[in-house]
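See below for the structure under consideration.
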Amino acid sequence: MSILVKNNIHWVGQRDWEVRDFHGTEYKTLRGSSYNSYLIREEKNVLIDTVDHKFSREFVQNLRSEIDLADIDYIIINHAEEDHAGALTELMAQIPDTPIYCTANAIDSINGHHHHPEWNFKVVKTGDTLDIGDGKQLIFVETPMLHWPDSMMTYMTGDAVLFSNDAFGQHYCDEHLFNDEVDQTELFEQCQRYYANILTPFSRLVTPKITEILGFNLPVDMIATSHGVVWRDNPTQIVELYLKWAADYQEDRITIFYDTMSNNTRMMADAIAQGINEVDPNVAVKIFNVARSDKNEILTNVFRSKGVLVGTSTMNNVMMPKIAGLVEEMTGLRFRNKRASAFGSHGWSGGAVDRLSTRLQDAGFEMSLSLKAKWRPDLDALELCRQHGRDIARQWALAPLPETTQKTAPVEETTTCTAADLGPKMQCSVCQWIYDPALGEPLQDVAPGTPWSDVPDNFLCPECSLGKDVFDVLATEAK
């Protein structure tokens, strides 16, 4: 089924509600995606891009119901990746002599995927035009490394539509095609997620390329992307966001993520977050366990943040594998204008935190001091973590923070109070996780100093997600 975009332009793409992994398993498409292909019917009939290769047969069948394939005069391939040009082999088997307009780099990419050097390729470069009749032209603009060397955009005069390729798109599937028809919160979340995880490495190219396109002084009434919605309502809003995101973007936000074997590094993360909030209650702090979180959400939060704290247990003298993998991805994304600090617990020998700190520095982060704790952090160690958080809050503040005269209560007083007033520690009978009233459970809004009797009935064990009824008094404290 086609959808009218504007005048003689129709969407003939494919929705993919089920896809959950993109670029292998590197991008989680939690809201599906779409592969946008456009059919222009003027004096000349033009097809802009195809769809993902797994929908090749369906795409050609649907296209045949819209137009006699032999009547397609030109094919435009803005990008040779398989989710854009994947149906070319199926299509060209029907119309093998139809000219394909693309960049020189795209010929190499297309042949690399489809192995048909005999196809009728027509190389275009920035400023080249193609007359499609009725007083209208297609103008081509090369956009190398946004995000492949072969990438380009195509502008249609008369209708003032920019076919923008991957730029300004999002992996977002909806029955509606246009930006003003969908949930705006979801849409802009997916736009930022897409930019943070795919286009961030090329931020230095975004601003000059947008400036170059604006320099053509061409009106833009619509931006027709390769994935997600078509921008018809105030289409320049997404262009303005790209310019903002490309300019060393950061919010007053700190992201903390960690992996842990025995919950010790998690305790450190909670305490560090408490310290940050004590000194700067206005900064947004998000905590993620990488083993249980969507990594693309973590990376999007890193993109938004002024700084990141990364925690790892030590395993065989090195960091946890999921942490190592995520730091490697951050290295490839080449975040700019970000600060970082490493922390973690260890047993008889360390090594992971130092290695992690070096990796973060190699990834381009401005480093602050790291923090280590041996074994399970006691009250003294947790106070050091909170102090580390306070120090980080001051060092990373975007504006000077007021001095505080509040003094931290001596550890001995806290210990006495805990033993006398807060009741016993509780242990999950399933996974052995221990609830310490002195520490609380900040991720579930249970403040430090909360006795078990005051913990809400909807409390869930953070390790196994079972309720309060599976908890018993810790054996060493039972009377």
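In case you wondered, yes, glycine gets a Cβ from its N, Cα and C as well.
Secondary structure at Asp166 (Fe cation 1 binding site), taken from DSSP and collapsed to helix, strand or coil, is coil. For Asp166 (Fe cation 1 binding site), the Cβ neighbour count at a 10 Å cut-off comes to 23, with all displayed protein chains included. Marked as Fe cation 1 binding site by Swiss-Prot: His79, Glu81, His147, Asp166.
Annotated Fe cation 2 binding site per Swiss-Prot: Asp83, Asp166, His227, in sequence order, evidence recorded as sequence analysis.
DSSP classifies Met367 (FMN binding site) as strand under the three-state reduction. As annotated by Swiss-Prot, FMN binding site applies to 260-264, 342-369.
Taken from Swiss-Prot, the feature Fe cation 3 binding site covers Cys428, Cys431, Cys461, Cys464, and the record attributes it to sequence analysis. Of all Cβ atoms in the protein chains displayed, 19 besides its own lie within 10 Å of the Cβ of Cys428 (Fe cation 3 binding site).
The domain 'Flavodoxin-like' annotation in Swiss-Prot covers 254-393.
Annotation comment: Swiss-Prot describes 423-474 as domain 'Rubredoxin-like', evidence class sequence analysis. The average pLDDT computed for the domain 'Rubredoxin-like' (423-474) is 85.
Under the heading region 'Zinc metallo-hydrolase', Swiss-Prot lists 30-210.
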Review point. Around the Fe cation 2 site recorded as Asp83, Asp166, His227, what other same-chain residues have a C-beta within 8 angstroms of the site's C-beta center?
Key: Ser33, Tyr35, Asn36, His79, Glu81, His84, Asn165, Gly169, His171, Thr225, Ser226
Review point. Can you count the other CB atoms that lie within 10 A of the CB of Thr260 (FMN binding site)?
Key: 22
Exercise for review: Run through the Cβ atoms and count how many others sit within 10 Å of the one on Asp362 (FMN binding site).
Suggested key: 10
Exercise for review: For His227 (Fe cation 2 binding site), list the number of other Cβ atoms lying within 10 Å of its Cβ atom.
Suggested key: 24
Point to revise | Spatial separation of His147 (Fe cation 1 binding site) from Asp83 (Fe cation 2 binding site) - C-alpha basis, Å | key: 13
Revision key, fill the gap. Near Fe cation 1: residues not in His79, Glu81, His147, Asp166 with Cβ within 8 Å of the site Cβ centroid are Asn78, His84, Leu146, Trp148, Ser151, Asn165, Ser226
Point to revise | Nearest recorded site to Ser357 (FMN binding site) by CA-CA distance, among binding-site residues His79, Cys428, Cys461 | key: Cys461
